[in-house]
């Protein structure tokens with residue numbers, strides 16, 4: 001019942017929406033980032049962060065800090081918040097919240113499979129996994145030799161199973177196949193998430209379809225750029241694009257035939273929302289593209305908080321927090337490696 | 001003449017302690033760097049100076065003493081680690097303050113570092129030991145259980161050993177499971193030579209998934225046996241006890257083996273090799289057992305050693321924690337100070353109560369002396385632009401009442417403090433609603449218990465509810481005393497009237513009315529000397545009588561309290577030298593209120609004294625509707641009609657009086673000030689600041705007539721409407737009091753008396769219990785709470801809105817005492 005969420009939304013979603021908005025106000029502000037960028041050592045960063053909501057998570061860390069510790073603890077906070085929200089959530093919000101983590105799950109699967117391919121220690125790989133994308137039998141991924149086994153042994157129990165059905169081949173796993181698998185999974189996931197949000201209807205569908213479309217388009221651009229110069233055929237490339245979003249379908253046809261970055265740019269500049277992103281880049285430059293996309297994403301995520309009575313705030317909050325953790329990681333790395341001049345290269349201010 | 005005398009009298013009044021907040025001075029300290037730390041810590045002990053943050057624009061790590069703050073943070077982290085360890089070890093950090101010489105911070109830092117290293121080393125040692133202990137323990141269990149499975153699988157292959165085996169599991173308790181498994185095994189056409197097994201142990205929660213995974217990985221070509229382990233094993237990370245399950249997997253083929261091993265690794269299952277040979281098994285079991293007992297002894301010794309170390313830390317933990325907290329506070333305060341140009345002195349600014357200047361001076365001198373500094377600390381008073389903080393010196397009695405007022409808003413600097421009157425009026429208004437001397441005595445006992453155990457309770461940590469109760473113990477005491485007083489007036493003891501002050505003034509006209517108080521009572525002697533005559537109780541006119549009494553009383557109390565509020569606004573205006581407020585706000589307000597409701601109060605008193613039958617509603621309503629009409633039988637005194645007309649006219653005049661003149665006069669003053677002397681702005685602004693701090697500045701920064709006028713209009717309308725609605729609001733005194741007495745009557749009559757009517761001890765006891773619970777929970781707790789809240793509202797809204805601004809901010813001195821209280 002679009003437009004009438006105000007009547008019933010708060011029965012089940014009101015408490016959690018309040019919680020998530022409270023969490024949002026705990027995000028670091030531009031002033032915080034300015035202070036953080038001036039830090040000289042990791043201890044300074046810790047000291048500043050202990051004055052924020054990260055305080056309880058960092059205050060008991062002994063002094064020679066590492067970037068990984070900071071990131072780990074900050075992620076732990078996000079995970080704790082997510083788990084709390086998930087515990088409190090009822091249907092369909094709980095499913096929605098679960099959907100938000102499938103992306104991490106895909107990344108983790110790919111990480112472990114790639115890792116075992118390169119004969120890394122499983123425990124070591126597990127530590128690198130994003131805690132939001134953990135599932136019970138994740139460690140057993142290492143047992144699988146090919147995709148079919150991967151599916152039959154492990155993934156059939158996870159929510160990723162339906163996505164996987166599209167990419168089952170009995171080929172052996174190699175880097176290329178894994179990357180294709182990642183993108184196929186992601187495509188299936190985004191489409192499924194998109195359908196789910198459409199089913200929810202109302203403001204959730206409206207806002208989420210916008211956010212997901214942006215995500216799909218960004219992936220399409222990234223796939224295109226990354227596959228330039230590889231043996232991936234045009235049809236294969238075309239198959240990896242998600243079947244929705246602003247670029248779908250005509251943009252995809254054009255992206256599929258792109259041979260260099262400037263062609264991609266030519267395609268993207270036809271779409272007004274992406275015009276501004278690409279117009280900021282000089283020709284032939286792709287490093288800043290990521291940051292530009294992140295900035296645009298953050299802007300859109302922040303906007304979703306302007307409307308009430310919908311689930312997109314949960315998605316947006318988690319994304320924003322992840323962006324914040326990425327920022328913290330970048331700042332800490334810059335500080336730790338004495339590269340303070342580069343500190344602003346990749347930090348995306350949220351407010 | 002009279003006015004002048006009044007003024008004289010008022011000027012000569014002794015200043016009341018709590019009436020106005022303490023005079024504050026804005027002071028500047030210039031402290032030589034070498035004595036800064038000592039000076040600040042002495043000031044922290046004194047706790048009478050509130051520092052201003054002079055480095056507000058700097059982020060925390062850009063400040064001067066950031067390293068010290070960091071070190072303190074690090075030390076408190078170590079201390080938290082110790083505390084955590086002590087709690088984990090199950091020791092109580094003893095609160096005995098061991099008197100030892102104060103250690104220096106540097107020394108303490110080193111000590112803490114040593115202790116930490118020691119602890120970490122011990123922990124890692126014991127962790128290693130614990131791990132090998134766990135492994136052995138698991139091995140032992142695997143041996144115990146797996147032997148059973150293996151034995152059965154071997155049984156039909158090696159016939160000679162069968163007897164032996166049977167001996168083995170007759171010793172074992174697992175005969176049953178093994179025999180079942182035996183049957184299963186027999187049905188499997190196993191190739192003895194190709195059949196291999198892996199045995200191990202896994203947390204019980206993972207067993208099902210583990211088995212499923214194994215099944216899938218080997219495509220069903222395996223046999224999974226499991227048995228729960230007897231003992232729980234401690235998880236070294238979370239130090240929780242985990243239930244585990246022993247398993248044995250039979251399979252064939254090398255590929256399956258690698259797969260299974262990988263899965264075991266992925267699930268965190270520990271595999272242990274169990275030899276198939278029985279003699280070897282026994283041998284290994286013996287070895288494992290002996291090593292286990294050795295390890296156990298070592299572990300115990302280690303734990304004892306560690307506990308001893310922890311206990312020795314525990315003795316001083318609280319002291320250290322306090323010390324580190326203090327040090328951190330000192331450095332945080334030092335960070336608020338500025339370095340002067342020469343970088344040799346620290347400059348600090350802050351507020352202190354004027355009476356404390358000498359004390360602070362003396363403390364600073366002591367600090368200079370103790371730190372052997374050549375240069376003294378300069379301490380002088382400065383002018384401040386912002387308005388000073390509000391500081392009331394309260395004691396444990398007045399504190400709770402001050403808190404009640406502060407919960408509404410902290411008083412503006414030096415404005416009249418309603419807490420002075422709240423001390424009496426609050427418990428009294430509460431008691432008007434809660435009047436019952438039985439309930440009052442219960443409250444009194446509660447309050448007395450809290451007060452008697454004051455010293456004990458104040459030192460320990462209480463729950464939030466108990467803490468609230470304890471904090472308000474003196475409020476509770478006064479509330480109880482006033483309840484007893486009001487209860488005596490209402491003559492109610494758990495709703496039962498008593499003949500305390502002699503006999504009733506009424507008696508039966510004849511013998512027919514013997515059964516009760518229905519009718520036929522007549523007055524035969526002087527009125528009952530104190531409070532309500534007990535004979536009203538249960539009579540037909542009980543409610544009308546009590547209602548009329550309590551309603552009128554509520555109005556009297558309300559009008560009196562509101563008048564007090566308005567009079568306090570006079571004292572405020574006088575104190576701040578604001579004659580405008582007196583003339584155009586206080587005077588019309590007091591006229592308006594008293595012309596209408598003051599007159600009503602007067603009528604009530606005359607009616608009580610004269611015993612007239614006049615209808616006061618009628619009088620009041622027709623005073624507005626047709627003031628010129630004849631009052632008829634409702635006339636209470638001669639000249640009432642002209643008086644009413646006069647009062648009405650006065651009230652009508654008072655409204656524009658409080659609305660119009662003040663904004664226009666303000667405007668005139670403003671234009672005069674700026675047209676006459678174009679260059680005079682600087683001088684006047686400072687002079688005015690001295691005269692009326694806070695309020696003055698807003699006027700001349702930018703005078704906006706429409707804003708002032710709207711503001712005044714809102715104020716006037718609020719007052720005029722408020723006069724009516726606030727008076728009506730005081731009727732809650734009557735309503736709550738009625739509710740309370742009716743409720744207690746119901747419990748008394750419908751529960752206690754009803755139950756007493758039966759000649760059955762059980763029913764009586766049940767009735768008594770129900771009555772007791774209802775009294776305790778509904779009347780003593782809920783009713784107390786509701787009466788408390790209503791009294792609170794009457795004070796915050798009806799009383800304080802007449803004069804109280806409440807937009808000040810509290811004086812928060814830098815004090816060690818408050819720091820140590822905070823975090824505990």
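FYI, residue positions are counted from 1 along the chain as it appears here.
Positions of Cβ are set from backbone N, Cα and C atoms, glycine also.
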Do you know which of B:553-573, B:616-636, B:679-699 TrEMBL annotates as transmembrane segment?
B:553-573
Transmembrane segment per TrEMBL: which of the ranges B:380-403, B:404-427, B:428-451 is that?
B:428-451
For the transmembrane segment (B:761-782), I need the partner stretch with the highest count of C-beta pairs below 8 angstroms, choosing only from B:428-451, B:553-573, B:585-606.
B:428-451
Could you tell me what the rest of the chain brings near the transmembrane segment (B:553-573), counting residues at least six beyond its ends with Cβ under 8 Å?
415-416, 418, 421, 425, 429, 432, 579-582, 585-586, 589-590, 593-594, 597-598, 600-601, 604-605, 723, 726-727, 729-734, 794, 798-804
Taken over the coiled coil (B:105-132), the predicted model's pLDDT averages 84
